[in-house]
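What TrEMBL records for this protein:
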type     : residues : note
COMPBIAS : 498-514  : compositional bias 'Low complexity'
COMPBIAS : 516-530  : compositional bias 'Basic and acidic residues'
COMPBIAS : 538-550  : compositional bias 'Basic and acidic residues'
COMPBIAS : 551-568  : compositional bias 'Low complexity'
REGION   : 498-568  : region 'Disordered'
TRANSMEM : 20-41    : transmembrane segment
TRANSMEM : 53-71    : transmembrane segment
TRANSMEM : 91-115   : transmembrane segment
TRANSMEM : 122-144  : transmembrane segment
TRANSMEM : 186-207  : transmembrane segment
TRANSMEM : 219-238  : transmembrane segment
TRANSMEM : 333-356  : transmembrane segment
TRANSMEM : 368-391  : transmembrane segment
TRANSMEM : 432-453  : transmembrane segment
């Protein structure tokens with residue numbers, strides 16, 4: 001492989017990997033915000049627990065997306081410096097806006113949501129997660145604007161003296177028709193991913209812990225409706241985007257069908273065999289009439305579509321000798337994978353509705369089928385989103401900046417185009433091979449970490465007890481007097497006293513994350529669950545009585561007179 005292929009492989013691997021996390025974050029943030037809003041309005045603790053549960057998944061996924069996304073922007077300078085030199089002034093503008101506006105909004109309000117629970121008013125805490133949801137979608141729009149300039153450059157002119165594209169109309173850049181068509185489709189796909197995830201996890205928990213099925217039923221219904229509605233939105237927005245692509249990038253759509261020659265009303269092929277990248281050798285086995293014509297022009301007949309061979313000759317005439325045909329095999333099958341993998345989410349939605357309708361809970365073999373379906377459907381929307389982006393990017397090859405068909409003949413704009421071999425940095429191939437291997441290994445390790453953390457959060461389930469961060473949590477009198485301790489022994493003492501007071505007062509106070517009976521164990525050690533997992537914590541053997549805890553004359557700084565061990 002030459003430097004172009006190696007650089008493309010590196011960018012492709014890192015981009016597809018990064019995009020695994022993006023749709024879940026974009027779709028899950030509004031769903032978590034809606035869950036918390038339901039709790040804030042109804043004060044139904046089930047919604048509070050669901051928002052905490054899926055909110056933890058959101059945090060893990062968001063962090064991984066940030067870590068893997070940073071590399072993407074640096075790669076433009078490292079491996080695609082000629083591309084950055086020519087269009088960086090235009091392409092960098094939406095990326096800068098994404099960092100200054102959207103990412104700043106996400107980070108600030110996500111921190112407020114994490115650390116503000118129980119410390120700020122409920123309405124403000126709920127508003128913070130909604131701001132996160134708005135921020136991630138604004139971020140997605142700016143990224144799509146940048147990508148859309150590569151697909152259909154607008155808002156810029158070419159300066160022949162500098163050999164660079166210059167931004168002259170930021171409004172045209174931000175309202176690029178390609179971006180306006182691609183953004184709703186990407187967001188709909190993100191909601192499909194998040195809806196399937198919530199539906200699958202909630203359904204799996206309903207079978208896993210049948211006694212608490214009511215806790216997860218609300219999330220299951222939310223995930224079910226999100227999956228159904230977003231799948232409809234994906235189909236509608238995808239149709240709109242396809243019609244635009246037939247106008248802006250006819251080669252991409254001809255390659256998606258392996259349509260060799262210009263035809264009127266060609267049939268849509270479901271299955272094709274033949275040589276991977278030879279249009280003439282491709283044989284369509286299963287075809288459906290009218291579908292391709294409708295995708296292109298909204299009519300089922302009377303539509304003429306250009307073929308790959310004719311478009312190749314046309315581009316050679318416009319842009320000079322060269323191969324302007326993308327990889328037919330990848331383009332053809334990624335387009336079908338994008339559409340076909342959506343069936344997994346729809347199948348799960350249908351199964352979930354059938355087995356849980358009218359508040360039912362599947363039994364016996366039906367429960368096993370539902371349980372398997374919930375887990376088996378989870379990868380489908382992730383793969384469908386990845387296939388969609390592969391089709392979008394591979395379908396415009398060999399262009400890194402596809403020429404705008406409306407700019408032909410205009411000397412100010414027709415030169416804003418670039419093929420991948422023109423945009424790559426002239427590195428020694430071994431340097432990029434080393435970075436390619438390094439990124440692949442590191443990203444593989446991150447994949448293991450991400451899967452481990454998500455699995456751990458899912459298996460732990462939603463919180464089942466009121467904690468000190470709950471906005472409605474009321475500290476008891478003795479807890480209010482207790483100075484903050486940061487050691488594990490200090491945490492154990494606080495929990496022990498809270499439990500003793502609760503058991504003596506007949507439920508007058510709330511125990512912190514443990515049941516009162518757990519504090520009456522005679523054992524000197526007990527299991528304590530903290531932020532780092534499970535560990536054994538030594539409890540003081542001389543516990544104060546409830547009377548001493550409530551005695552105002554007692555020394556609040558040393559309620560354990562026999563425990564003289566110094567705490568750090």
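Each residue, glycine too, has its Cβ placed from N, Cα and C.
Values in this document were obtained by computation on a predicted structure and should not be read as measured data.
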Cβ under 8 Å to the transmembrane segment (432-453), counting only same-chain residues 6 or more beyond its ends: which ones?
-> 3, 6-7, 9-10, 13-14, 17, 21, 60-61, 64, 67-68, 71, 78-79
Residues of the parent chain within Cβ reach of the transmembrane segment (368-391), under 8 Å, 6 or more residues beyond its termini | 12, 15-16, 19-20, 23-24, 189-190, 192-193, 196-197, 199-201, 203-204, 207-208, 256, 330-331, 334-335, 337-339, 341-345, 347-348, 351-352, 355, 362
Do we see three or more Cβ pairs under 8 Å linking the transmembrane segment (122-144) and the transmembrane segment (20-41), pairs being at least 6 apart in sequence?
-> yes
Intrachain residues whose Cβ lies under 8 Å of the transmembrane segment (219-238), provided they are six or more past its termini | 27, 31, 34-35, 50, 54, 181, 184-185, 188-189, 191-192, 194-203, 206, 339, 342, 345-346, 348-349, 352-353, 356
